[in-house]
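Asks: Just passing along the structure, written as structure tokens.
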Amino acid sequence: MSEMLKVAVLGAKGRMGTAAVAAIDAAPDMELVAALGRSDSLDILVERGADVVVDLTVPDSTEANVRFAVEHGIHAVVGTTGWDAARLAGLQELLAAHPGTGVLIAPNFALGSVLATHFAAKAAKYFDSVEIIELHHPRKIDAPSGTAFRTAQLVAAARAEAGVPAAPDATETELDGARGASVDGIPVHSVRLAGLVAHQEVLFGSHGEALTIRHDSFNHESFMPGVLLGVRTVGTRPGLTLGLDGYLDLEG
Ligand SMILES: NC(=O)C1=CN([C@@H]2O[C@H](COP(=O)(O)OP(=O)(O)OC[C@H]3O[C@@H](n4cnc5c(N)ncnc54)[C@H](OP(=O)(O)O)[C@@H]3O)[C@@H](O)[C@H]2O)C=CC1
Ligand SMILES: O=C(O)C1=N[C@H](C(=O)O)C[C@H](O)C1
């Protein structure tokens with residue numbers, strides 16, 4: 001039998017962390033060596049010989065956590081949001097000094113969500129208009145969601161590459177926020193509603209037709225196959241991978 005992967009979870013008591021601890025515990029090829037919370041020392045990762053750390057914490061702590069892991073040669077699978085361009089650039093620099101270490105930063109581990117974003121990027125150049133609505137539980141601390149942010153970036157890039165003009169919009173007077181937030185020119189609307197988990201719609205429109213690409217996560221278990229895929233793969237992919245699609249063959 002091959003050796004077990006030693007995995008640690010950060011944010012282990014949170015919604016995602018609780019599901020990840022259970023999934024890793026149940027995986028036959030993984031050993032959960034640490035389940036850490038806010039007040040635990042990261043040194044435990046080194047003491048317990050973690051091969052991979054899964055970061056499911058908060059935007060304020062994720063960068064320091066991942067940098068610690070990379071500095072100690074521990075691969076990192078990151079679901080936490082808040083990775084802006086400056087943080088990513090700093091991490092790339094650090095990874096260049098640790099060429100054997102892999103980091104996956106995935107705004108969404110649900111396979112259906114990864115596909116929905118992929119399909120949206122494919123559809124982007126064929127429609128005049130596109131807007132994104134993301135809908136989440138009311139305890140989510142960030143907006144827009146990391147998933148909506150990345151979807152908007154990929155859709156905008158596909159439209160720019162194809163030379164598609166900006167979507168028509170004659171709105172002149174508006175209340176602040178009435179047209180959502182603009183991410184690379186794509187309007188993104190954030191809904192926070194009791195009873196929801198994690199949902200997104202990408203709306204495309206042209207003359208006489210509309211296409212809606214919708215994905216729903218109804219519970220946190222929906223993210224776990226993607227987390228496990230990330231844990232199993234990250235050690236074989238040195239450097240930074242953005243998005244779980246980097247580990248999938250979506251064109252095949
Ligand atoms: N990529 C994906 O597929 C998904 C990503 N997410 C993202 O994952 C993150 C976590 O989401 P969720 O589980 O809902 O959030 P929760 O608030 O339920 O959990 C976050 C946990 O992190 C803990 N924490 C805070 N700071 C630290 C630290 N420095 N070290 C270790 N643990 C810490 C918190 O502890 P305490 O309670 O003590 O503050 C809490 O238990 C968010 O950024 C969210 O957007 C969520 C779902 C899916
Ligand atoms: O906080 C959440 O719940 C989620 N966060 C991620 C995001 O911001 O995109 C992934 C998913 O939407 C759930």
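Including glycine, each Cβ sits where the backbone N, Cα and C put it.
Pasting the feature list from TrEMBL:
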ACT_SITE  H136  active site, proton donor/acceptor
ACT_SITE  K140  active site, proton donor
BINDING   G11, A12, K13, G14, R15, M16, G79, T80, T81, A106, P107, N108, F109  NAD(+) binding site
BINDING   H137, G146, T147  (S)-2,3,4,5-tetrahydrodipicolinate binding site
DOMAIN    6-109  domain 'Dihydrodipicolinate reductase N-terminal'
DOMAIN    112-242  domain 'Dihydrodipicolinate reductase C-terminal'
Asks: Excluding near sequence neighbours, so keeping only residues 6 or more apart in the same chain, what lies with its CB under 8 A of G146 ((S)-2,3,4,5-tetrahydrodipicolinate binding site)?
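Replies: Same-chain residues close to G146 ((S)-2,3,4,5-tetrahydrodipicolinate binding site) (Cβ under 8 Å, separated by 6 or more) are T81, G82, W83, P107, N108.
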Asks: Could you check what DSSP calls P107 (NAD(+) binding site) once collapsed to helix, strand or coil?
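Replies: Its secondary structure by DSSP: coil.
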Asks: Does any of G11, G79, T81, F109, T147 have a Cβ within less than 6 Å of an atom of ligand 2? These are the binding-site residues; tell me which, or none.
Replies: T81, T147
Asks: What is the separation, in Å, between the Cα atoms of G79 (NAD(+) binding site) and T147 ((S)-2,3,4,5-tetrahydrodipicolinate binding site)?
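Replies: Their Cα atoms are separated by 10 Å.
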Asks: I need the CA-to-CA distance for K140 (active site, proton donor) versus T147 ((S)-2,3,4,5-tetrahydrodipicolinate binding site), whole Å please.
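Replies: It is 13 Å, counting Cα to Cα.
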Asks: Return one of helix, strand or coil for H136 (active site, proton donor/acceptor), based on DSSP.
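Replies: Reduced to three states, the DSSP call for H136 (active site, proton donor/acceptor) is strand.
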Asks: Mean pLDDT across the domain 'Dihydrodipicolinate reductase N-terminal' (6-109), rounded to an integer, is what?
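Replies: Its mean pLDDT is 98.
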Asks: Measuring Cα to Cα, how far is T147 ((S)-2,3,4,5-tetrahydrodipicolinate binding site) from G11 (NAD(+) binding site) in Å?
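Replies: With distance taken Cα to Cα, G11 (NAD(+) binding site) is 19 Å from T147 ((S)-2,3,4,5-tetrahydrodipicolinate binding site).
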Asks: Fill in the CA-CA distance, H137 ((S)-2,3,4,5-tetrahydrodipicolinate binding site) to F109 (NAD(+) binding site), as an integer in Å.
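Replies: Their Cα atoms are separated by 17 Å.
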Asks: Using an 8 Å cut-off from the Cβ centroid of H137, G146, T147, can you name the remaining same-chain residues around the (S)-2,3,4,5-tetrahydrodipicolinate site, in sequence order?
Replies: T81, P107, N108, E134, H136, K140, D142, S145, A148, A198, Q200
Asks: Sequence gap of 6 or more, Cβ distance under 8 Å: name the residues on the same chain that satisfy this around G11 (NAD(+) binding site), in order along the sequence.
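Replies: G17, L36, G37, D55, L56, T57, V58, T80 - these are the non-local Cβ neighbours of G11 (NAD(+) binding site), listed in sequence order.
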